[in-house]
Amino acid sequence: MPAGGPHRPVDDDEGEHGTVTRKQHTKEREPARRSAEEDGTAQRTDPRGRTARETSEPAWPRPEDGQWAAGFRLRLLLRHDPPDGLDDQVLAEVHEAVTDSGRSAHELFGDPGDFAAQIAAERIGDAHRGRRDMEGLTPGQVFLGALTVLGALGVFFALRGWFTGGLWLTVEWPGLVGVGLIGCAALLVGAAFALRTAGRPRGMWTALGGAVATVALTGLAVSALPDGPLFRVPAPAVAVLAALAVVAGWRLPEEPVSRWFTGREAAQEDDEVWLRRLEGTLRGAHGMDRARARAHADEVRAHLAAAPGAGARAQFGPAPVYALRLADGPGAARRSARRKLRADLLCVPLVAVALWDVLDDPDPGSPTTWLLPAAALLWAWSLWTRLRREPRRSGRG
């Protein structure tokens with residue numbers, strides 16, 4: 001039977017780990033922490049999912065303790081994507097331990113990076129990690145990230161038009177319709193990746209098909225619409241309009257946006273829906289190949305058929321959490337590296353087209369002529385080094 005075992009019912013919010021074990025100071029505060037989590041008063045979050053509680057950095061006895069705390073917080077947030085407020089809570093415990101003992105944080109807790117990894121292993125439960133993909137992103141974060149990037153590109157091109165062509169931009173029908181359709185196609189691509197993270201491969205391919213159709217429609221519309229100026233608009237107004245997308249991507253709440261892609265929890269009470277979500281999450285969020293993911297789903301299906309009664313969710317817990325437990329292990333890092341490599345390889349044609357456009361008619365006075373080839377060479381070198389480090393596949397993961 002797969003890791004995690006089918007015979008033990010799993011609670012929706014269950015995590016495998018407890019408290020910090022390195023020092024007794026942090027262990028003693030675990031009951032209070034769990035009580036706060038159970039009654040729902042542990043933290044309140046802002047629209048971006050971060051803690052909204054006004055916190056102030058504690059006054060550390062030594063400057064090196066403050067540097068240690070900053071390093072710990074940075075590594076915990078960037079590498080492990082902790083639940084809201086966990087960094088503040090742990091640092092409060094460390095501060096009290098340092099103050100009570102008179103010793104430095106490094107003496108008590110060691111390297112901040114290692115301590116961050118220990119905290120992540122002991123205090124970040126499967127219910128939190130199960131909502132995220134291999135990169136630590138939820139479906140909502142994936143989509144909002146795409147919206148933010150799209151808005152940032154709009155701001156860039158609006159400012160570029162302002163600096164190169166003057167304050168007023170001339171708008172024509174082909175450009176107006178083309179920009180709108182390309183923006184829709186980009187959002188569909190972002191939605192496709194969010195659906196992949198949510199474990200819905202059919203929805204992902206539907207969104208990608210819509211993006212391809214939108215790009216084709218853009219080409220037809222641009223060639224069919226009449227040329228000629230339609231109206232003029234100030235470039236700063238276009239930049240402000242694009243900046244609204246950046247603000248929306250930054251400020252919209254992540255959890256409701258994630259629910260756009262994950263669907264209703266009640267639907268997962270059906271065993272077949274649960275099994276499809278399990279297979280889709282293994283493939284989409286964790287990069288497992290189709291055959292292995294389907295084998296896991298078939299094994300669960302066989303267990304349910306042999307022991308009728310309680311459904312899949314009652315026996316195995318939420319599909320994303322069980323998928324995480326199946327996917328955890330030595331193969332996870334290999335799958336993550338493989339996915340990053342494939343994404344970079346897909347960018348090769350785009351980089352080649354951009355380079356050809358610059359080198360075919362170079363402008364010595366333009367910074368792009370010099371910066372783009374240098375950036376492309378640096379990117380190609382990093383891609384080559386990762387290709388050489390990529391371990392040969394010893395089996396399907």
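Glycine residues also receive a Cβ, built from the backbone N, Cα and C atoms like all the rest.
Positions annotated as region 'Disordered' by TrEMBL: 1-65.
Taken from TrEMBL, the feature compositional bias 'Basic and acidic residues' covers 27-37 (among others).
For 45-56 (among others), the entry in TrEMBL reads compositional bias 'Basic and acidic residues'.
Per TrEMBL, the feature transmembrane segment maps to 142-163 (among others). Here the transmembrane segment (142-163) has long-range neighbours at 133, 169, 183, 186-187, 189-191, 193-194, 197, 235-236, 238-239, 241-250, 252, 254, 257, 260-261, meaning same-chain residues at least 6 beyond its ends whose C-beta is under 8 angstroms from one of its own.
Taken from TrEMBL, the feature transmembrane segment applies to 175-195 (among others).
TrEMBL lists 207-225 (among others) with the feature transmembrane segment. Below 8 angstroms of C-beta separation, residues 173-174, 177-178, 181-182, 184-186, 188-189, 191-192, 195 of the same chain, each at least six residues beyond the ends of the transmembrane segment (207-225), sit close to that stretch.
The transmembrane segment annotation in TrEMBL covers 231-250 (among others).
Within the chain carrying the transmembrane segment (341-358), a Cβ under 8 angstroms from the stretch's Cβ atoms is held by residues 368-369, 372-373, 376, 379-380, 383, 386-387, 390, all 6 or more beyond its ends. Sequence annotations record features per position, and here TrEMBL assigns transmembrane segment to 341-358 (among others).
Within the chain carrying the transmembrane segment (370-387), a Cβ under 8 angstroms from the stretch's Cβ atoms is held by residues 337, 340-341, 344-345, 351, 354-355, 358-359, all 6 or more beyond its ends. According to TrEMBL, the feature transmembrane segment maps to 370-387 (among others).
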When you scan the chain for residues with a C-beta under 8 Å from the transmembrane segment (231-250), skipping those not six or more beyond its ends, what do you find?
48, 144-155, 158-159, 161-162, 165-171
